[in-house]
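Have a look at the structure below before the remarks.
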């Protein structure tokens, strides 16, 4: 019967290595040639989906995934979202990791990262609330350890932060027939929202040797087997201490702990800048990915818009909308509201949109969703039934979504209406118009009400009438001028 | 006449990449010759076939084997390896040699070894040993003596630092003429080194900084050509001064 190895003794360290590491550290030398307070090379990569990151710290390799779902909140926190961290110590990372239940070090790692994020309120929980007491977003961070080269806590922390920074959750609104339904908007239709992250808590791990006299940063796997004690300090770039973890090991003097925290704050600033750079590169690349998907059909469709807008009937409007591959954009939503009121179709805005279409190069410019006027009689259909599959081509949506983007609610409705408008169904255009109307009316009603309340109502009336008159004039005049000429 | 095609056939496979299933040698015309088969080769009736993917090597006059580079070690007879003592039993030391099974080192397998002077190895001792028996069904058997019974540098290694590499790098370091990295390091530094075919390398020098330098230089030289290795060592030396 052959003698098999016992599983827990799969990796052994020789006496020579142990002694050598300690003697080298006594002369401030580390086995891989680093100085005692040097980090290994940090490499942050992202996957194709949002919220997926891969971090390599020297030989240590960690991946993080962030997912979200709607759940009921905890009873004692009815208007806060939920953040959960799950660690998976894969047996391929280290011979001592076993599949199945997480071991002690796995639980400790998850707990340290969770404390850094939750107690310091790095991730804003209240913005994850949808309906207080009933529905909130639950964000789950999955950390997978691919290779254990030492210092898993730091690598996993950076991976979790990178994934949270690039994660985007779907937009959801309260609406529906009875105004009570929660509608989750398809990320392809409505731009998803990033998480609100106030600051970045970075964890820095120290290993102690020789009864606490010698300390090094970012220990490798071999250094970790020889160390006497370990301490992790989680600090953000503002210098706030978010968490400290020293579980067992040799005792150290309080002065040593303070020195470690000071060193950690310097290192944290460095790592924060690296993380932010990597996230920025990824975000620009993601935005470019959406813009780039415009093939050359842009060019001739713009000229088509010029020609076909001239003498068309209003009822042909949806077909034209579909033909116009790209429209110039307006940065704000204020211009939209006046146009909704008028009922005649004119050439003016059509021409202006045509000329602006030539200037479209992929950057934000004048945007006009309704170059032709639509009559309110044509507005049919219900509001934002956004969950259905849109037949819209990715190109149009992507361009609008990426270029015209402010985080106010007005642009939220505007982007919804954009998406609507560009679809091939006529119903959606009317939906969009209706939703703009619905937005505009409450605003004026509020204005009206407050004015009445403050007894300046007559000013409000006059202002509204004047505004309407100006808009009508703006539409009629050019057409009249054209006819005169 | 029959031997000619088989010779040329085997010659055509030598130093080339072979995969499992290739027949590299035909024995029909070699009735009076003895051929030694090393790792990765098997006798299939009248032909020698390959069991492991790698490069076919020949050592004159008649030894053939397949060479490949892995992080794990498959024990082969007559290999010299570095092992770490895991446990000591009544008549064997259990030694880890990076193989699927623990190696057994008989307590009497030392020069002048008797029941009275059994060496005492604590757990974690690094040993330079030779593989005596290797079979994929049994634990490999080791020895601290050469065939004639002399100690011949086998035994425990004191101090120094050990690191692990792939088996390919270990073979490259053991090649003769000496590997360029070891030569150029030896020109400016003095160190001693023990290389195990299981991928373990032990380095010792007077100062820890020399040991660290040598070990990192060797680890980084695995995929460099000879000229690149020399350039790397020169740069390291310049940086030291």
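Any Cβ shown, glycine's included, is placed from N, Cα and C.
Quick caveat, the model's predicted, so the values are computed rather than measured.
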Residues flagged as region 'Disordered' in TrEMBL, choosing from A:329-357, A:358-386, A:387-415, A:416-444: A:329-357
Number of helical, extended and coil residues in the domain 'Exoribonuclease phosphorolytic' (A:39-170), per DSSP: 33 helix, 50 strand, 49 coil
Average model confidence [pLDDT] within the domain 'Exoribonuclease phosphorolytic' (A:39-170): 92
DSSP residue counts for the domain 'Exoribonuclease phosphorolytic' (A:199-265), split into helix, strand and coil: 18 helix, 24 strand, 25 coil
